[in-house]
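Asker: Take a look at this one; I'll ask things after.
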Amino acid sequence: MPQEPESHLALVRRARRMNRTLATAFPHVYCELDFTNPLELSVATILSAQCTDVRVNQVTPALFDRYRSAADYAGAERAELEEYIRSTGFYRNKATSIMGLGQALVDRFDGEVPRRMKDLVTLPGFGRKTANVVLGNAFDVPGITVDTHFSRLVHRWEWTQENDPVKIEHAVGELIPRKEWTLLSHRVIFHGRRVCHARKPACGVCVLAKDCPAYGTGPVDPAEAADLVKGPEREHLLEIAPPPPRRRRAASGGIR
């Protein structure tokens with residue numbers, strides 16, 4: 001018999017249960033970009049577009065030593081700034097955004113990164129994703145960061161069918177308490193990078209297996225799945241991996 005559609009209440013309960021499970025799997029989540037203040041995080045987040053956090057973290061120590069204030073970025077020589085950030089890709093566009101950010105902060109915010117979403121999204125290089133990263137990690141203001149990992153996983157979990165990042169942010173925000181938004185973002189991103197990979201997720205050792213509609217998209221054999229788990233939390237994740245669910249409906253639509 002066809003399965004009845006999940007009610008909104010059931011979805012809320014499942015999403016919150018999954019968030020609690022992720023909290024057990026990843027008890028110490030954090031922004032994987034290195035920074036010491038809101039300006040550094042703003043610049044690092046701009047650099048992270050189409051670039052790994054690892055690469056950004058290799059670039060920023062020298063960059064942050066050279067440019068220490070919004071005024072420094074505003075007055076930067078373009079060619080020199082581009083050389084510092086060249087390896088992050090799209091360096092010309094990023095340099096334009098970073099220099100524009102510095103100038104905007106000097107002109108409109110006394111050189112300081114503002115603490116409000118409505119102000120942040122007016123800055124060069126900022127959209128809601130970057131604003132939520134800065135709010136959540138520099139100012140402790142809860143925010144949902146919809147990056148490629150987050151979008152892919154919440155679709156795979158059938159938390160939302162929305163594709164627009166802003167609509168995804170709002171849809172997920174209705175499922176999870178506001179105080180959890182920043183931590184949820186980190187947990188989902190950690191899980192996407194370490195376990196729930198785009199092409200071959202480690203379903204057979206996934207802590208979310210019993211609640212995941214896409215269980216079976218990747219290998220369900222624990223030994224095969226274990227080889228796919230990445231990151232420093234690997235040993236812990238394998239230790240707490242549950243036994244495979246007895247019955248799961250087949251994942252629809254292939255890779256999501």
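Think of each number as a place in line: the chain as shown, counted from 1.
Using the three backbone atoms N, Cα and C, a Cβ is placed for every residue, glycine included.
Note: TrEMBL annotation is automatic and uncurated.
As annotated in TrEMBL:
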DOMAIN    47-194  domain 'HhH-GPD'
BINDING   C196, C203, C206, C212  [4Fe-4S] cluster binding site
REGION    233-256  region 'Disordered'
Asker: Using a Cβ-Cβ cut-off under 8 angstroms and a sequence gap of six or more, which residues of the chain neighbour C196 ([4Fe-4S] cluster binding site)?
Answerer: R152, L153, R156, A202, C206, L208
Asker: Using all protein chains shown, find which of the binding-site residues C206, C212 scores highest when you count other CB atoms within 10 A of its CB.
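Answerer: Result of the Cβ crowding comparison: C206.
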Asker: Beyond the listed site residues C196, C203, C206, C212, identify every same-chain residue whose Cβ lies within 8 Å of the center of their Cβ atoms for the [4Fe-4S] cluster site.
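Answerer: Leaving out the recorded residues gives R156, V195, P201, A202, L208, A209, A214, Y215, T217, G218.
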Asker: Would you list the DSSP helix, strand and coil counts for the residues of the domain 'HhH-GPD' (47-194)?
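Answerer: Taking the domain 'HhH-GPD' (47-194) as a whole: 99 helix, 0 strand, 49 coil.
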Asker: Note the mean pLDDT of the domain 'HhH-GPD' (47-194), expressed as a whole number.
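Answerer: Mean pLDDT across the domain 'HhH-GPD' (47-194) comes out at 98.
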Asker: Just jot down the residues in the same chain as C203 ([4Fe-4S] cluster binding site), at least 6 apart in sequence, with C-beta under 8 A of its C-beta; none if empty.
Answerer: A209, C212, Y215, G216, T217, G218, P219, V220, A225
Asker: Which secondary structure state does DSSP assign to C203 ([4Fe-4S] cluster binding site), in the simple three-class scheme?
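Answerer: Reduced to three states, the DSSP call for C203 ([4Fe-4S] cluster binding site) is helix.
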